[in-house]
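So that you can see what the record holds, here are the features copied from TrEMBL:
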{"type": "ACT_SITE", "residues": "Ser743", "note": "active site"}
{"type": "ACT_SITE", "residues": "Lys786", "note": "active site"}
{"type": "BINDING", "residues": "Gly375, Pro376, Pro377, Gly378, Val379, Gly380, Lys381, Thr382", "note": "ATP binding site"}
{"type": "DOMAIN", "residues": "13-222", "note": "domain 'Lon N-terminal'"}
{"type": "DOMAIN", "residues": "651-837", "note": "domain 'Lon proteolytic'"}
{"type": "REGION", "residues": "584-612", "note": "region 'Disordered'"}
Amino acid sequence: MAAGSAIQIPSRLPLLLTQEGVLLPGSTMRTSVDSPRNMQLVRSRLLKGTSLRSTIIGVIPNTSDPTSDCDELPSLHRIGTAALAVQVVGSNWPKPHYTLLVTGLCRFQILQLLKEKPYPVAEVEQLDRLEQFTNQLKSEEELGELSEQFYKYAVQLVEMLDMSVPAVAKLRRLLDNLPREALPDILTSIIRTSNQEKLQILDAVRLEERFKMTIPLLVRQIEGLKLLQKTRKPKQDDDKRVVAIRPNRRINHIPSTVEDEEEEEDHDDVVMLEKKIRTSSMSEQALKVCLKEIKRLKKMPQSMPEYALTRNYLELMVELPWNKSTKDRLEIRAARILLDNDHYAMEKLKKRVLEYLAVRQLKNNLKGPILCFVGPPGVGKTSVGRSIAKTLGREFHRIALGGVCDQSDIRGHRRTYVGSMPGRIINGLKTVGVNNPVFLLDEVDKLGKSLQGDPAAALLEVLDPEQNHSFTDHYLNVAFDLSQVLFIATANTTATIPPALLDRMEIIQVPGYTQEEKIEIAHRHLIPKQLEQHGLTPQQIQIPQVTTLDIITRYTREAGVRSLDRKLGAICRAVAVKVAEGQHKETKPDRAEVGEGEDCKEHVTEDAKPESISDTADLALPPEMPILIDFHALKDILGPPMYEMEVSERLSQPGVAIGLAWTPLGGEIMFVEASRMDGEGQLTLTGQLGDVMKESAHLAISWLRSNAKRYQLTNASGSFDLLDNTDIHLHFPAGAVTKDGPSAGVTIVTCLASLFSGRLVCSDVAMTGEITLRGLVLPVGGIKDKVLAAHRAGLKRIIIPRRNEKDLEEIAVNVRQDLNFVMASCLDEVLNAAFDGGFAVKPRVEHLNSKL
Ligand code: ADP
């Protein structure tokens, strides 16, 4: 070391006894400290000391029995290395210990042990002094030769190593820059040497001796390296040979004896894969890509991460149904029967589906629009899709698109990405294993958009018959023909479907069901299905139609039948428990509760037990079967009814009217409430309304103000100026749901007319319609859903715009018969129909006829 002469170590050094290695000057060593003496040294000397001096310690290799470090100080090796403690790291696991990083400075010799406890301290003499060597000119020549020889070997050794490794290159530079005297110590600690050899080098205080002892170690290392390189070379050749042999073996199919079994196995796999690729019916382009990839795979070492990636890719390519398809067995008559059997009602939808299938039957390659079923949840959209697949004899696969906001979900990730994989379309094809399945793209209206691209745009390519014969998934990177796939989409609303996508699709509205339809669906489809799922038979459980109606009206309020299905499931579960219990014990299940005088018809009781599942079981002989589900049993299982007919209650004061709203979940009835108070003519609107709805409210007020005299409407102080000293507040429940649209116009007018006239709106009237400033009523959408909602809620009279009359045709006859429709073309007609006995107009009846 250049600073060798400058090193002046203290004459008294604390001694660290190392078990694991021998520290030589110029090298660095990490040592673990856990013996009490050493720990004490670290604590009181290294951790507490603040001067540089205190970080210098004497490192003595513990040559005696390493285990006997407990009480007595072992006899110490006389020569050690003074070292600088560079780093101390403490840890408590698995037991308290320190890890010390020490750099050797120079040799020393123990002159006298000064104290043993708590850690040994010795008076020392520094041995490595640079002057000692440089001044001895006499031995220079001899030494020069030795050192030159040593230097040559050192260079030879280092050059045999991989010079591209930065540490090796640095070592090479150090050989030239360091003083020769320092080299033996440094190289000894780098090359492979035993502790014993290192100890000998440490003990070689004389430089000449040190050089002499180190040269054989260097030579040994050089020979070892040479041998290693020799053995490695033939192995590389071997590798090459194996690669060269591979093609031959493929032809001969004779596995030769190779020592490395694993490699052999893997090789077989690759051969198999190649065979599969060649025999698979993939497109020419795909075959070309695959063969290229397999060629690369063969050359790749197995440990390379890319190996697994390429293999996965090739396996997927082989698995994909390039040419595999099911045979269509399309027969329209059978399809009609199957559709009818699977689904009750939904005539319009079934009709359109049959038309679609008929065209398919006549013309094999249908490049028509994609069918998109739009309707509230639980109306059977998915289930019709499944039936279509069944009628065609095709595989069915559902792709849920709700919340998908990354285009690679559709089109896959490029293979350069970590964790890349194909998109949902290709994955779906792999799952079904044929290239002509029915793909149901569920919830296209819930596609998202994000920074990762627009999945709707990717879907465009999938759905476009002009493009999808060469759909390119990013992962595959070759075209796949999707033209044989039958796509069907479903959505709750068309409003959020991207226009370009909507353009590719033919929308078929699937409205909600009437109560009667629901009862039929329940008895024909849902109940048998639930019974089967719960292992029950009709001999064990009976659900009469009145009970189903009760479930529909009191426990569910939905356009579809999903909740109904769930409730039926809950009933079946409860009954299944009873049936299973009954199979084991004859004892009657005891229960008591439910009290208040319900009207139990057949209920004959001794101890005031109303009939319920268990009681029915009690009554029926033999014991339990069939368990009849009546309203009491329903209450037992499902709890108290969730919905009651509240309509009449809420209309018991002026300023309330029932509107009809359309939501993606079906139609709904909506109570519009108004109140007035002293104020400055302000209008307050609450209930999270959109701009259009706010405008409707302003229109309604303006129209009423301008017609106040005609209708004798006054404010609290009797003035015809309705807003004079009056504030109006309009509220639309449910307040948490955002609402918008013009169709509440007539309801707001009616509600305010009721408020200002002090008259009650008829409790069984619901209405919908857009208004104009002149008092015309304009048509609105979603009539069928709205009418069904009104019917569900038990309302009787429905006011709709005259121009919506045609929409009534879509409504089932029995629903129409239950309801009284009032067609209105102007607000006069609306008000007349909304109030019992009409809404008086002061003579001058000037009929407004819509010219629209
Ligand atoms: P959607 O896809 O419209 O949300 P699903 O197709 O999942 O609804 O239907 C929910 C359940 O209701 C399914 O079990 C389905 O069989 C049943 N269902 C819906 N409509 C009918 C119907 N008209 N006839 C028979 N079952 C029906």
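Glycine too: its Cβ is placed from the backbone N, Cα and C atoms.
Excluding Gly375, Pro376, Pro377, Gly378, Val379, Gly380, Lys381, Thr382, which define the ATP site, the same chain contributes Phe373, Thr490, Val510, Ala559, Gly560, Arg562 within 8 Å (Cβ to the Cβ centroid), listed in sequence order. Taken residue by residue with DSSP, Thr382 (ATP binding site) is part of a helix.
A Cβ distance below 6 Å to any atom of ligand 1 is met, among the recorded positions Pro377, Gly378, Gly380, Thr382, Ser743, by Pro377, Gly378, Gly380, Thr382.
Lys381 (ATP binding site) sits 19 Å from Lys786 (active site), counting Cα to Cα.
Geometry remark: Thr382 (ATP binding site) versus Lys786 (active site), CA distance 23 Å. Neighbour counts of Cβ atoms within 10 Å were taken for the recorded positions Thr382, Ser743; the minimum is at Thr382. Just so you know, of the binding-site residues Gly375, Pro377, Gly378, Gly380, the Cβ with the fewest other Cβ atoms around it within 10 Å is the one at Pro377. The two recorded residues Lys786 (active site) and Pro376 (ATP binding site) have their Cα atoms spaced 12 Å from each other. A separation of roughly 27 Å, to the nearest angstrom, links the Cα atoms of Gly380 (ATP binding site) and Ser743 (active site). Between the alpha carbons (Cα) of Gly375 (ATP binding site) and Ser743 (active site) lies a span of roughly 19 Å. Summary: among the recorded positions (Lys381, Lys786), the fewest other C-beta atoms within 10 A of the C-beta are counted at Lys381. When the alpha carbons of Pro376 (ATP binding site) and Ser743 (active site) are compared, the span between them is 19 angstrom.
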